[in-house]
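Here the structure comes first, spelled out in structure tokens, and everything after it is commentary.
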């Protein structure tokens, strides 16, 4: 029984509390209606709410940055989601809260009270609609607080000189459009914008939003016009652009000098250079679509232009070197200075050897010695044959003379003499044919050696320019990273 009575008592107490609270709320609602009717019975929101027209009305401004919606670098427009808080004192909207059962504040539509015409000076939007008609909080001492969300599009001077490692500063300037500083004065409540509710952006980092009050006298009017400028300091997150624009360019740049390493007979040296140049042109067009058409060329654009210039030069040099490679027997011999500088010194520096030649194998030297010995033996045998044939030729000449003398002395021609003369003529023809063949072989070897020398010159120049361009690409990449840092 005691437990039942206790629970019944608690239920009655809760019911009494609920009824009392409902009655209080009803009483407050009744006083709120009464207060509203009393305040706005003779109120006008068209005039500045001050008792003395010479008195300045102070408006406190506070900006809270919620989100960066977009940064359009090409059109130089910053789109941001802001919470704008304005507060001021209305001299005609005060009451004694004791007369209205302690009611100290009410919330009413903002279009019922006077509002300062504070606008964004550097607005870049074609929408000139009215601010959002949210409620204002009205307190008994006449203080009005108006919180309104806004999506602003402001002009921002974008400097893309160090893109994609750039930082930007965008100004948001707020001020009254019609009231001068003697009528409405703007006061910034904080030294900077509020970033406590900022939603982190995927592309930009916020490094601050300082606020500065400016008082400007325009040429049209003698009165001062105050404004508050919030400077949004942004730092671009460059990871996306590094992996999608910069890193492919660096890899392609290191691929370009390898065109000098390709054999000249492959026919792909010029094709590789042209393909790399077209690939970089595509990346350059992608960057050009993002950036504004200004005189400041972005850092990555300068890198693209330098790389494309380098690849163009490498392709032109490749064409010149291929002409050297395909110099045939009709070409002039290699100049003496080129023979000394390129074939003797540069070939050793860049480890360029003839086809099939190995700098570490001694077999090549033995083969050369055998070849020289074989050539010497052939030359010696050729000399013996020529000596033998010449001796026979002398014999033939002697026989002819003797036969002539015999014919003159005795007038006798025998068959032996005819055979000797026929044999001598055969030997003469054979000697002429052998000398002709030897001359042809000698000329062929000389022309072939001349072509081999030009090919080696071309190969040495290929290796030389390959390392030069590798060093250039490396220093260009280090330079762009150093400027970014």
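Even glycines carry a Cβ here, placed using N, Cα and C.
Small disclaimer: the values here were computed from a predicted structure and weren't measured.
Positions annotated as signal peptide by TrEMBL: 1-26.
Marked as domain 'Neurotransmitter-gated ion-channel ligand-binding' by TrEMBL: 34-237.
Here TrEMBL flags 240-263 (among others) as transmembrane segment. Long-range Cβ contacts of the transmembrane segment (240-263) within its own chain (Cβ-Cβ under 8 Å, at least 6 residues beyond either end) map to 163-164, 203, 269, 272-273, 276, 279-280, 283, 286-287, 300, 303-304, 307, 310-311, 314-315, 317-318, 321, 462-463, 465-467, 469-470, 473, 476-477, 480.
Sequence annotations record features per position, and here TrEMBL assigns domain 'Neurotransmitter-gated ion-channel transmembrane' to 245-480.
Residues or ranges marked as transmembrane segment in TrEMBL: 270-291 (among others). Using a Cβ-Cβ cut-off under 8 Å and counting only residues 6 or more beyond its ends in the same chain, the transmembrane segment (270-291) has close neighbours at 73-74, 160, 163, 245, 248-249, 252-253, 255-256, 258-259, 262, 298, 300-301, 304-305, 307-308, 311-312, 314-315, 318-319, 322.
Non-local neighbours of the transmembrane segment (303-324) in the same chain are 246, 249, 252-253, 256-257, 259-260, 264, 269-270, 273-274, 276-277, 280-281, 283-284, 287, 297, 454, 457-458, 461-462, 465, 469, 472-473, 476, 480; each lies 6+ residues outside the stretch with a CB under 8 Å from one of its CB atoms. TrEMBL lists 303-324 (among others) with the feature transmembrane segment.
Sequence annotations record features per position, and here TrEMBL assigns transmembrane segment to 464-482 (among others).
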